[in-house]
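Each remark here refers to the structure printed beneath this line.
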Amino acid sequence: MLTQEHINIIKSTIPLLESAGPALTQHFYQRMFSHNPELKHIFNMTHQKTGRQSVALFEAIAAYAKHIDNLAALTSAVERIAHKHTSFNIQPEHYQIVGHHLLETLRELAPDAFTQPVEEAWTAAYFFLAQVFIDREGALYLERKQALGGWRDGRTFVVREKQVESAYVTSFVLVPADGGAVLDYQPGQYIGIEVTPEGSDYREIRQYSLSHASNGREYRISVKREGVGSDNPGLVSHYLHNNVKVGDSVKLYAPAGDFFYVERERPVVLISAGVGATPMQAILHTLAKQNKSGVTYLYACNSAKEHTFAQETAQLIAQQGWMQQVWYRDESADDVLQGEMQLAELILPIEDGDFYLCGPIGFMQYVVKQLLALGVDKARIHYEVFGPHAQLAA
């Protein structure tokens, strides 16, 4: 049971956490994977190499410590993380393993400060939060299993179509091998896909945004070939592009995600860059089915060859009479602006519009800064980060 004394002790350890920084979570992951290598089948090891996951986990732990006396402030974070966990098929027993290694990490990095009262407080705090996640994730699993076309664990799907969308993005249309219905989803959500690439010692699970409106029959994901020309090419994305063919099978976990279009009587502005167009495409198709008016689509990429869904989007926008503006950073073209996206030059629904963002973190930070400067209410800015979460604005 989490007591007031525990809360007081946790808050007193905040300076210790802040002084340790992400080194704490780096040590935690190294320890956990050393003792429990089977978890490498679940965690994205690429994010371990880049350090993004360590930073994201540290920020989550620090936020929990700071808000442990006001857990309502963490509601949105809990929902986001719970959805992501279900796309990895996280189970209650995993929390026991994580808790053990987190507590041992604190003991090893701060042996003098990790007194018995501190250990008891962090043990109570961790397992209190773990139960919050277990309960929420259990509810999500049950809800999806009981819904039409739903399922609980992995389900086998077959690649029905494979379509090149741009220089680095290819779409895969996936249908269930059992011939049954598929679970509906909200436009903007993602699915977890599990594969075992050639040369990999582990099963690999990745999340990809669904890029078409829900129809109860099939899913479409649109995958960017990551790290082209780099020393660290995307393991799963390259495997999907190079090896997975029409007729091949993959395992999917049910649609998840707390970023999605919410129907309101407001104008809608969709802003994306690069492969960030994928969830926006699902939203666009959904808005078209609703005959939604007052939609603005803003998109940026490097060049025409990297313009994902160019024709598909143009057709939708022309049919619906919506507004579109595109920027190419490296070249000019008809009806396309060159350079960086400049929102002040456009007529936008600043006072009442809902703004949905997706793309590289630097791009979204740049856009959010502009939106806030223009007077857009922060509550009307919604965004999706591919990979470990990051804050875009204070």
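Glycine is treated like the rest: Cβ placed from N, Cα and C.
What Swiss-Prot annotates here:
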| type | residues | note |
| --- | --- | --- |
| ACT_SITE | Tyr95 | active site, charge relay system |
| ACT_SITE | Glu137 | active site, charge relay system |
| BINDING | His85 | heme b binding site |
| BINDING | Tyr190, Arg206, Gln207, Tyr208, Ser209, Val385, Phe386, Gly387, Pro388 | FAD binding site |
| BINDING | Gly274, Val275, Gly276, Ala277, Thr278, Pro279 | NADP(+) binding site |
| DOMAIN | 1-138 | domain 'Globin' |
| DOMAIN | 152-262 | domain 'FAD-binding FR-type' |
| REGION | 149-394 | region 'Reductase' |
| SITE | Tyr29 | site 'Involved in heme-bound ligand stabilization and O-O bond activation' |
| request: Could you name the residues, excluding Gly274, Val275, Gly276, Ala277, Thr278, Pro279, of the same chain that surround the NADP(+) site, i.e. Cβ within 8 Å of the Cβ centre of those residues, in sequence order? | output: Ser209, Ser222, Lys224, Ser272, Ala273, Met280, Gln281, Thr308, Cys358, Gly359, Phe386
| Number of other Cβ atoms within 10 Å of the Cβ of Ala277 (NADP(+) binding site) across all protein chains | 30
| message | For the recorded positions listed here (Tyr95, Tyr190, Phe386), tell me which residue's CB has the most neighbouring CB atoms inside 10 Å. | response | Tyr190
| request: Calculate the distance in Å between the alpha carbons (Cα) of Tyr29 (site 'Involved in heme-bound ligand stabilization and O-O bond activation') and Phe386 (FAD binding site), and round it to a whole number. | output: 21
| note | Ranked by how many other Cβ atoms lie within 10 Å of their Cβ, the recorded positions His85, Glu137, Gly276, Thr278 are led by Thr278
| query | Per DSSP, what is the residue count of the domain 'FAD-binding FR-type' (152-262) in each of helix, strand and coil? | reply | 9 helix, 45 strand, 57 coil
| query | Quick one, of the binding-site residues Gly274, Pro279, which Cβ has the fewest other Cβ within 10 Å? | reply | Gly274
| request: For Pro279 (NADP(+) binding site) and Ser209 (FAD binding site), determine the Cα separation and express it in whole Å. | output: 5
| note | Listed in sequence order, the residues of the same chain lying six or more positions from Val275 (NADP(+) binding site) whose CB sits under 8 Å from its CB are Tyr168, Val169, Ser222, Lys224, Thr308, Gly359, Phe386
